[in-house]
Amino acid sequence: MSSRDGKTIDLAAVFPAKGDSRRPPDWWGRALLYVAIAVFLSVFVWRSWGKVDFVVLDVIIALFIALAIEPLVIRLVRHGWKRGAASAVSLIGLIVASLALLALFGNMFVQQVISMARGFPGLYDDFARSLAAQTGWRPPAKESLGGEILKNIQTSWITNFAGQAVSTTVSMLGALLNLLTVAMVTFYVSAAGPKMRRSLCQWMAPTAQRRFLLGWTTVQDQISGFLFSRSILALINAVCMSIFLVAIHVPYWLPLALFCGLTSQFIPTVGTYIGGALPVLFAWASNGLGYGLAVLVFIVVYQQIENLLLAPKISERTMDLNPAVAFLCVLVFGAIFGALGAFLALPVTASLQSIFKVYTRRYELVDSPLMSDPNPVRKSKVVEGAEAFNERVIKPVSERMPRAVRGSSARVPVDEEVARMQRELYAEHQRPSSDGDDNGDGVDESRTVAIPKNALSGHGAGKHLNGVEPGAGHRDDASHRDDAAREDDTMHRDGAGHRDDGTPTNPRSGWRR
């Protein structure tokens, strides 16, 4: 190599030709493009999120409202309604019902909440005197609990509420715009349900379409069923509680009833106790211990009626969630997304869990003592008494309960549509395997599928794999028996399954080439 060649620039080293060992793989350029697009979108979203967060929140609220009214829309469509008209009627009915409730109880609710905040110190004094008279133990004074906190409850909260009311009045146009956005997006999503799914699926392969539709069906079933059923149960709970509180003359009955209804339905496991504790304490503090016990008895009786009669009728499907996981999800979603996150924590978590179970494969468990509790050496008297009580009391009662009540928290009933989609997608994973027939991956390779005769020839090119032309009906059993008889007769005449020209008749043993 001359000195002049050493000073020149070799463009082939910068842009090597195809087949050159210095050329990077073909996927390298696409990977760099995808990384650049991802970085650009991430920076754009990070800088623009503060300007579009309210729009995203409106779209999320509209999506969940559309899923919540989906059962009502489906029922109207099954009765002959057009989907657009059914969506419009359902949404208008929801708006009218909300406005009617707001007109009837909105002013009363605000006044009772303000009165409750102002009268909380006096209510605490009444509760302390009642508790001291009943038990002899006197709770600490208000000053010991923090006088500034109680003072702020009386003054700053009300002042902040008034300031928020003024700012809300000033920004009424923005609030109306948000409500209009939510209403319009809800209507479009609900009215264009199948059309929107077709528009999304036309860009996917058939397998991806089935997976997408299965995930959509699972999420829609979980969210719509949960919101629809829980909202009805919360409304029934609040109405019954408000009627009882008004009957026994407990003050602030409207916010207490709403708090009890919402908390008992949307907080798992302990929601009933948290929601019922506040009405019990207010009834005790205002009217005495007897009224508090009366509210407690009412809550216990109503909870049994709801569990045995109302919930099985209204909430036919239950979510397969561990109680501890469900409670933690409510706390986490509430801390991150506020009240809306706590409200939607359970259906979102159940949907994610259902999708995870559908899209993943589970294996058989190994035999290990850590998989189960040890066998008891002997039973204590307490255990024997509990088993006797279960055998003679609980078991006879549970056998007479409706089937929807028993064991409803252990599994999620899957409707026929979701089960059919699961069978189509995961038939080979769910297929039972016999001993000795599985390979290492759990797939049975010994099973073969017989290809019909002439299926790949020119004569059968226009037929399906079952040998039937598209649109043609199946022949009757007599014609099948005649064909089988002629085939057997031909095989017996020509020897071990050969035609006149020596070509084997068994399609798996050889084809004409």
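Cβ atoms here come from the backbone N, Cα and C positions, even for glycine.
Quick look at what TrEMBL annotates:
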COMPBIAS  472-502  compositional bias 'Basic and acidic residues'
COMPBIAS  503-513  compositional bias 'Polar residues'
REGION    426-513  region 'Disordered'
TRANSMEM  31-49  transmembrane segment
TRANSMEM  55-77  transmembrane segment
TRANSMEM  89-110  transmembrane segment
TRANSMEM  170-189  transmembrane segment
TRANSMEM  232-254  transmembrane segment
TRANSMEM  289-305  transmembrane segment
TRANSMEM  325-352  transmembrane segment
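For the transmembrane segment (325-352), the neighbouring stretch richest in Cβ pairs under 8 Å, chosen from 31-49, 55-77, 232-254, is 55-77. Beyond its flanks by at least six residues, the transmembrane segment (89-110) meets 65, 69, 72-73, 76, 81, 183, 186-187, 190, 254-255, 258 of its own chain at Cβ-Cβ distances under 8 Å. Listed stretches 55-77, 232-254, 289-305 were compared with the transmembrane segment (170-189); the greatest number of C-beta pairs under 8 angstroms is found for 55-77.
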